[in-house]
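Structure first, then comments.
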Amino acid sequence: MTRGCVFQVSWAFQVSTNQEGLIVAALERGDLQDNVTAYAVQISGEPRLVLVPFINTSEPLLFNVSFHGLCYTVGLLVKLGQKPLPVRAAYISDYREAPETGVVFDIDPPIRTVFSRVNISYTEGLERRSMLYKDFYKGKTVFKHWLPGVCYRNITFQLISEATALQTALTSHSDVSHRPLHHRTVPFPPLNVSHRVLTLSRRAVAGGREAAARQEDVVFEEEEPTPRVSFNTTQNVTDSVAVGNGSRAEEEAEPQSYWLDPTEISPADRDEEFVNAVVSEYEDSNEPGSAMAVPAEVPVLPTRLPPVLLELRWLPPRPPTSYDGFNVYIYRDGNSTEMATVDENTHEFFTELTEPGTYRVQVTTLSSSGDCEARESSADTGFTFYLSPSGELLEELRERPQGVSVRLLDSSTAAVSWAPSAQNHNGSLVSVLSTTCLKPSLSQRMENTYCSEENSTSDIISNLTPGAQYRVVVYHTNGPLTSPPSEPVIIDIEPTGVRELAVYPLGPTAVVLSWQRPYHVAFRKYILQTFFFNPVTLASEWTTYYEIAATASVIATVRVTDLLPAWYYNFRVSMVTWGDPPLTCCDSSMVSFVTAPEAPHISSVDYSQGVLAVRWTYGELFIDLSHSRMLHWQVEAVGKKGPQRGYSVDVTRNAMRASLPLPPGDIYNLTVTACTERSRNTSVPNIIKLEPAPPRLLLAVNATHSSVTLLWSEDGVVDYYQVLCRPNWASKELKAGEPITSTAQVLTVSGLVPSSSYNCSVTSFSYSSASRPARITVTTAAFIVKVLSRCWCVCVCVNCSAETFVNFASFERDGKLPYNWRRSLFAFLTLLPSCLWTDYLLAFYINPWSKTALKKRKLTSPVQLDDFEAYFKDMSKDSAYKFSLQFEELKSVGLDLTHDAADLPVNRPKNRYTNILPCESGPSLNPVPDPDRVLLNSDS
């Protein structure tokens with residue numbers, strides 16, 4: 001026997017075993033609690049725990065044990081808590097994609113209620129069905145497995161909460177508190193609806209009416225139409241005429257003449273044929289003589305349409321559709337003129353048409369049995385035709401135009417073409433609509449045509465706007481009937497692009513772009529793109545810099561910043577349309593520009609030995625100019641007083657230093673300019689002042705016993721010179737004279753002691769700055785007679801004035817006088833006797849004893865030595881113009897000497913000047929065996 005070990009935990013629980021060895025657990029009234037929603041028994045003792053729920057708390061639970069001799073522990077498990085709250089509301093609607101078999105369930109679950117599935121219960125026919133659904137998203141789900149035309153009743157929704165305890169599923173169902181719903185699915189439409197329109201004679205019409213009156217399967221609606229369910233409840237039933245079914249013989253009756261048969265009964269004797277007669281209005285007149293017979297006006301009857309019979313036939317809807325009949329609708333000119341309902345076994349319908357117009361005929365499947373609302377099929381199974389007043393029938397065009405294409409003739413005109421149609425039609429319509437007209441705001445709208453759909457019978461579309469997008473649809477027409485529309489053709493017209501694109505520089509890193517747009521164009525925005533070499537990526541590509549929304553303004557400008565200085569750029573402005581996809585135009589609207597360079601910065605200036613060394617920096621510290629459009633640097637120094645005011649030198653772009661020879665003693669405005677092919681940018685001016693240089697080549701000439709003449713050359717800019725002669729030894733008799741100021745380069749110092757040595761210095765002054773003095777030691781002469789060895793006569797110093805004696809030996813330097821002195825002193829020599837200047841002539845290689853040497857020379861008038869300084873200043877005016885005239889007189893010097901070696905072809909390239917040639921009397925240095933290489937041109 002199995003022993004039952006009972007453990008009471010919370011309350012007493014009765015467990016026992018019966019004679020068959022089964023464990024019997026029962027719930028007493030005290031075991032039931034209000035807050036407990038489920039009870040279960042947990043049995044342990046076997047290898048696995050067993051959980052058995054109570055299906056009915058009023059009946060005991062039996063459990064068959066698997067082993068004997070074991071101690072089983074039986075416990076009571078209860079599920080505390082509340083069951084899910086019921087659904088507050090529910091809705092059912094058709095599934096739009098397939099309303100015949102699909103529905104949409106929409107439930108409103110209670111707040112803060114957790115559920116895993118929904119139990120949907122409904123009645124289909126006589127059976128009650130249910131299904132579990134868990135795919136509810138935001139309270140909605142789609143069910144696609146119902147039958148078409150079937151009425152589903154008492155549809156309820158019950159929330160289910162599920163849990164698993166000890167490998168056992170526990171479920172809890174909510175109550176049903178919402179109103180049960182009813183829903184009927186939409187039936188399938190009838191199949192193969194066909195029609196035929198026959199023109200009948202009046203006799204055939206009368207016979208057809210009698211036969212139709214004997215039909216019992218068609219309900220005639222002449223006075224009160226039968227209540228029905230229509231797709232569009234706003235349609236007005238304006239009139240109803242008798243409908244009937246004719247026999248097969250009447251359907252196949254041949255059309256007869258519209259003229260009345262002479263043997264027929266007169267229409268006046270046949271009341272049933274008197275239709276649409278105009279009843280004359282009775283007038284009760286009180287005027288005298290009103291009883292007299294007044295001839296009544298003959299009424300004018302409208303021309304009646306020849307009798308036309310409409311035949312309809314169809315097949316039942318495809319199974320498994322539940323339906324009860326069919327509804328036949330006939331609309332004329334948009335108004336419902338006839339409606340009839342036939343049973344499910346009737347598949348044909350006949351009616352007579354008496355009015356011209358456009359007819360629309362539709363046959364639908366009707367499902368109305370059950371408690372649900374009656375529904376009709378929603379698929380379009382109708383057809384349309386046009387009946388003219390003359391009886392001509394124009395069928396509906398069901399084939400849409402094919403092969404529609406649009407070809408642009410220009411930016412505002414297009415031509416439309418299409419393939420021939422297999423159906424007969426008498427015309428075509430071209431419908432044009434702009435898809436971009438209404439996209440911009442009204443104030444920025446640039447289109448004014450085809451903003452609404454416009455139809456035309458012409459195949460040429462005009463007044464198009466460049467940049468717009470149009471939808472073109474073609475219809476075939478058959479009288480007032482139109483075919484289905486063709487596939488729409490989208491045409492995009494490229495915008496014309498911008499014009500007069502110009503660049504205005506604002507600096508090295510900024511420019512202003514300006515352009516104009518055509519007046520007649522439609523677009524969405526401008527796109528400004530730049531093309532340049534990127535020194536970071538080492539690549540050149542088009543990048544979008546800015547996008548500007550289109551406005552009604554014709555002129556647009558934009559400022560472009562953050563450009564690289566001295567860099568080559570391409571700017572392009574494109575128009576982007578409103579179309580989908582948008583078009584971009586045009587790449588030809590482009591302009592190139594080289595930005596201005598930055599201004600360099602002069603970093604250091606050093607002047608040494610007549611050369612100015614300049615260094616500068618540019619831009620960033622380590623800027624790379626290898627891809628820049630910088631051409632060169634121009635270093636320029638502009639003096640204030642010098643004879644040559646400006647000095648400049650060009651330097652390659654990679655070198656940022658230059659050497660510039662400058663005369664000393666002047667104030668210069670130094671600048672460095674960065675040059676490109678289009679622009680320049682100059683640094684901040686650097687003002688430098690150069691100290692004057694000491695006089696060069698200081699010479700003492702014409703030293704007498706009491707005076708000496710000092711000559712020196714000028715180097716740079718000098719305002720004046722200061723000359724001072726001091727004795728070489730101190731003596732009471734020899735005293736230093738006062739400094740002498742001179743603006744010329746020659747000065748005679750007088751008042752000296754004969755046979756004395758003096759230290760003379762010459763100092764240059766420029767802008768109140770003194771140079772280092774140039775010094776020379778001179779010695780005055782004694783009272784002696786000096787004989788010139790090369791004179792024709794011997795001159796004694798007593799016979800020659802002391803003021804006019806010139807010691808030519810002191811002029812010589814390396815055996816020759818300097819050229820500038822030769823030219824300046826040549827006129828001075830005419831003041832002296834010929835015995836004194838023969839040595840000077842010989843210094844110029846002039847033979848004074850030649851017969852032609854002095855004849856060809858025209859000397860100037862003599863000048864006293866005391867007047868020489870004033871004479872020299874006068875001759876130096878106007879860039880030494882008078883000296884140049886005297887120089888012209890020297891052209892004949894040396895013509896009597898030979899210069900064959902200089903004329904040799906091998907020596908011509910060695911001559912610096914073509915009109916100054918060396919003569920054979922010159923010395924030959926380092927002679928070589930080749931006589932053609934002996935020439936040494938020292939004409940410079």
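Every residue, even glycine, has its Cβ placed from backbone N, Cα and C.
For 294-390 (among others), the entry in TrEMBL reads domain 'Fibronectin type-III'.
Sorting each residue of the domain 'Fibronectin type-III' (400-496) by its DSSP state yields 3 helix, 40 strand, 54 coil. Residues or ranges marked as domain 'Fibronectin type-III' in TrEMBL: 400-496 (among others).
Look at TrEMBL and you will find 497-599 (among others) tagged as domain 'Fibronectin type-III'.
Annotation source TrEMBL lists domain 'Ig-like' at 643-777.
What TrEMBL records for 694-783 (among others) is domain 'Fibronectin type-III'. Residues belonging to the domain 'Fibronectin type-III' (694-783) score a mean pLDDT of 86 in the model.
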- Note on the structure: Across the domain 'Fibronectin type-III' (497-599), DSSP labelling yields 0 helix, 59 strand, 44 coil
- Sort the residues of the domain 'Ig-like' (643-777) into helix, strand and coil with DSSP and give the three counts. 0 helix, 73 strand, 62 coil
